[in-house]
Amino acid sequence: SPGAHHPSALSLFSLTVTSEQIEHLHRRFKQLSRDQLTIRKENFDSIPDLEFNPIRGKIVHAFFDKRNLRQGSDGLGDEINFEDFLTIMSYFRPIEMNMDEEQLDHFRKEKLKFLFHMYDSDHDGKITLQEYRNVVEELLSGNPHLEKDSARSIADGAMMEAASICVGQMGPDQVYEGITFEDFLKVWQGIDIETKMHVRFLNMETIAHCY
Amino acid sequence: MPSVSRVVPESCLLIVVGLLVGGLIKWVGEEPPILKSNIFFLFLLPPIILDAGYFLPLRQFTENLGTILIFAVVGTLWNAFFLGGLMYAVCQLSGPNLNDIGLLANLLFGSIISAVDPVAVLAVFEEIHINELLHILVFGESLLNDAVTVVLYHLFEEFATFEQVAVIDIIFGFISFFVVSLGGVFVGVFYGVITAFTSRFTSHIRVIEPLFVFLYSYMAYLSAELFHLSGIMALIASGVVMRPYVEANISHKSHTTIKYFLKMWSSVSETLIFIFLGVSTVAGRHYWNWIFVISTLLFCLIARVLGVLVLTWFINKFRIVKLTPKDQFIIAYGGLRGAIAFSLCYLLDSAHFGMRDMFLTAIITVIFFTVFVQGMTIRPLVDLLAVKKKQETKRSINEEIHTQFLDHLLTGIEDICGHYGHHHWKDKLNRFNKKYVKKCLIAGERSKEPQLIAFYHKMEMKQAIELVESGGIGKIPSTVSTVSIQNINPKTLPVQRILPALSKDKEEEIRKILRNNLQKTRQRLRSYNRHTLMADPYEEAWNQMLLRRQKARQLEQKMNNYLTVPVHKLDSPTMSRARIGSDPLAYEPKADSENLPIITIDPASPQSPESMDLTNEEPKGCGGLPPSPEEDEEGLMMRVKEPSSPGTDDVFTPGASDSPSNQRMLRCLSDPGPRPEPEEGEPFIPKGQ
């Protein structure tokens, strides 16, 4: 069984995902990898619905981002195995009722870290203005008739807002380099990501088919 | 010393007023009017429901739809049968007065009184500012249980006239539930789409735009009621469906009109309903039977508590955010009964239901109990239990970006793991909406506007208005953030802006906006009830300017000196100020600083050749004005103008504050309203050096 070879990934899922669901994921993995042991970026192209997603590039990238693999490494991988796949999926597990304060905090930080890595594409530990602009451009990429300027102004405005939340008053000579992870946490303070960022693993009967 | 209104909810006070008025009328010897069911269902109820439906917080509603439906349908059914059954038992066991009340009559009584009333819930919950989840759960339940109530009511009313009730009748009853609820929704959607479609073509007759919203919604309600479908669900469905498209199509003024009219009508209705309840209590024929009334009250409460407990236990298996016991208590406690129960009972035919008066008495007692006792005590209980209150969060552009990003991310993950979940279907619906529906129902350019852009423009507008207002009072709040574009993107150099001459329409526009905005204050509040209204920016002129902006392509230049920064979390209005390079602007522009010429607003005397003719608002001799596309585009932004190269604009010659061109600018821009102090330096358009 796939579970036997991947104890560390399983332990993340311990309480909220049953072995049945891991079976499902494994089957899905095999579908995507065409029965190989690893998945490459190209394999994600075979998912039809993903084409409509404006941020598909970032999503696929996130799977290969070594920072998300909880191993302390950095950089980009070329391929991922099932354990890595599970590790990425574990970021989307739902909240558990019996978590204490510390666990909840860790849970939340973990999810936010994943998001942060998605925004921070050059891996330098902060989200610069250019990266933020890039995010907004991607979000608006489904509207080809829009000018680039609109995306830019939104990103600029958002960045200024983030700066004012995180740093507050700034003199005219101070430069806000970018949103660090601590700042990111501050921006997300009002939003309860632990309840929002999850995928229901409960009902896995409908498994999509790829070409 | 807490004021009366903090202790006693408004609904209670109104009922008391009604009691007094009824008592007064009776004392005088006249017959006080009773709340006729006709009037209630046809005129008093629809505005409240439409108001609720039109401003329904859709995101929370759909997220919790499962929970809401279970409470509304299963909960109400349980209440009706439990209460009806127990009351039947009581009737049989008690004295001879009650013995002849049959099972069906009791079940009918149960179904009338078991429904949570939206009017009462709104009236009480709005004042306690409870967190959004609980609010939408109880309120949503009160709206959706109408279908159940309608079905049960008509069913039992009919059955009471039958000799025998066959199983087939019960099955039909079951089916009719689906027909009634889905039929009501369908009717609502149909009229909603018609309204949206109509609003697409109203660009030349803006004045009657609100009429379509009200008219079609009311027709939806009437059509549904005509066929004994659920009118409330029709109203809600039509409001929900029409809103996004109508709001994209109609002018800003129409939007304001709709909002204010809905709030006004629902406010009036609610007041009248409660007053009439009070009057009807005095006026009605009552038959007080201790056993019946007390046991009704008791069983109502027990049924509600049991129902909520059991259902929550079941629901929590499927919810991500579980409902805590505190939540359950509030949900149970918030099950208020109101005028709908009263009116439904009043509709009963006394020929068939001799004990109607007793029913009425019992219902009124329950209503009074829930509204007075539960209504008054819920606020201290909420405080005591430390239930989460509504958070006054500001909708920030960051939040919007992140929310959208998260939505797309979760949809992507669902697609990757092959799971057609909630996000997948929502995304599909959105795409369908964007591709087909919006094109049909929204006029012109707006049909293609993505949500992020629309949101951003709205925010810009709001900040601009707040800026004008705070600039207009001459005060600059101390908790202003000083972040500017230079702080985040130091490489961009302030660009010399070319200031073309302003056309007549633009002037007109600007003057109108400034005049309208300068002396009013607005509050930014998010709410969907009549107690707190949302701020309304002047979007019509804004939209037109926006289009021109897009055409003029001045966006990049403008954004360099543009600041959109929401305030610190302490409540202060947003201020925008632009900076030029490294020239810091002090918070209070010092009057003696040469770099900051102060513009004085100097209302022109009528004899002056440069004065404005107020009656036809023609600025005489106003040409070559400074408010460029920037001013035009922002409309209401306060900004420091670039040091213009000589020749492009003769208005900004520093120091010459009395130059004719300067005065020209002032006259055209200022509102010759109340005479301001001559010394009052308004840094409205501070000049650069």
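Positions of Cβ are set from backbone N, Cα and C atoms, glycine also.
TrEMBL: automatically predicted annotations, no manual curation.
Under the heading coiled coil, TrEMBL lists B:504-531. Residues or ranges marked as compositional bias 'Polar residues' by TrEMBL: B:605-614. Under the heading domain 'Cation/H+ exchanger transmembrane', TrEMBL lists B:8-382. According to TrEMBL, the feature domain 'Sodium/hydrogen exchanger regulatory region' maps to B:479-564. According to TrEMBL, the region 'Disordered' annotation covers B:585-689. Residues or ranges marked as transmembrane segment in TrEMBL: B:12-29, B:35-56, B:68-89, B:101-124, B:136-156, B:168-193, B:267-284, B:290-316, B:328-347, B:359-382.
With respect to Cβ pairs under 8 Å, the transmembrane segment (B:359-382) is most closely packed against B:101-124, considering the stretches B:35-56, B:101-124, B:168-193.
Nonlocal intrachain contacts for the transmembrane segment (B:35-56), taken as residues 6+ away from its ends with a CB within less than 8 angstroms of a stretch CB, comprise 118-119, 122, 139, 143, 213-214, 217-218, 221, 225, 231-232, 235-240, 242-243, 258, 262-263, 265-266, 268-270, 272-273, 276-277, 279-280, 339-340, 342-344, 346-347, 528, 530.
The average pLDDT computed over the coiled coil (B:504-531) stands at 57. Within the chain, the transmembrane segment (B:290-316) has long-range Cβ neighbours (under 8 A, six or more residues past its boundaries) at 66-67, 70-71, 74-75, 78-79, 82-83, 86-87, 90-91, 94-95, 98, 109, 113-114, 322-323, 327-328, 331-332, 335, 337, 358, 361-362, 365-366, 369. Sequence-distant neighbours of the transmembrane segment (B:136-156) (same chain, 6+ residues past either end, Cβ-Cβ under 8 Å): 49, 52-53, 57, 60-61, 64-65, 67-69, 71-73, 75-77, 80, 104, 107-108, 111-112, 114-118, 121-122, 125, 173, 176-177, 180-181, 184, 228-233, 236, 327, 330-331, 334-335, 340, 344. Packing against the transmembrane segment (B:267-284) from elsewhere in the chain are residues 10-11, 14-23, 25-26, 31-35, 40, 43-45, 47-48, 119, 122-123, 338-339, 342, 357, 360-361, 364, 367-368, 530: each is 6 or more residues past its ends and has a CB under 8 Å from a CB in it.
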